[in-house]
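Here's the structure, in structure tokens; my notes come after.
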Amino acid sequence: MNILLDKEANFNNFFMEQALKQAKIAFDKNEVPVGAVVVDRLNQKIIASTHNNTEEKNNALYHAEIIAINEACNLISSKNLNDYDIYVTLEPCAMCAAAIAHSRLKRLFYGASDSKHGAVESNLRYFNSSACFHRPEIYSGILAEDSGLLMKEFFKRIRTVISSHRMT
């Protein structure tokens, strides 16, 4: 994990807040509340902004990171995102970590760690594996508390719904 200077930390908080807005949209749609934005590093502009959409699309591939990478690649007409960063509210899973590597994103910023499915620093550590050919710079813990609280609230709501169905 790298340390950021104050000025850059403000930029990073801003972009993570945008990812959190997307996560809240997912929350309201009963999707796992993960948001992602892809940012043009040189111009400090968001080029893709999205959230998990696996339930609506009925497709396990529709993670926020995958959708954001796809949108960014389509926008710039390239599979390589060398000059771009991705901000994600939750530590990416193995599938999304591999997509980040394959798209050659320069930097990965994420909020909350994912002790069950995280593949960056929590479990698999995909970017440290010999299978990984591109390793982005990794910055974790950005607005982690906000991201973590949203996830906890979502799964608390899910458990409440499941519990109420068992009682009927």
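Keep in mind that glycine also has a Cβ here, set from the backbone N, Cα and C atoms.
Listed features, source TrEMBL:
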- 10-131: domain 'CMP/dCMP-type deaminase' (DOMAIN)
- His63, Cys93, Cys96: Zn(2+) binding site (BINDING)
- Glu65: active site, proton donor (ACT_SITE)
Tally every other Cβ atom lying within 10 Å of the Cβ atom of Glu65 (active site, proton donor). 28
Counting across all protein chains shown, how many other Cβ atoms sit within 10 Å of the Cβ of Cys93 (Zn(2+) binding site)? 22
Which one, from the binding-site residues His63, Cys96, has the smallest tally of other C-beta atoms lying within 10 Å of its C-beta? His63
When DSSP states are grouped into helix, strand and coil, how many residues of the domain 'CMP/dCMP-type deaminase' (10-131) land in each? 48 helix, 26 strand, 48 coil
In whole Å, how far does the CA atom of Glu65 (active site, proton donor) lie from that of Cys93 (Zn(2+) binding site)? 10
What is the average pLDDT across the domain 'CMP/dCMP-type deaminase' (10-131)? 97
Show, in sequence order, which residues other than His63, Cys93, Cys96 on the same chain lie with their Cβ within 8 Å of the centre of the Cβ atoms of the Zn(2+) site. Val34, Ala64, Glu65, Ile66, Pro92, Ala94, Met95, Ala97, Ala99, His117, Ala119
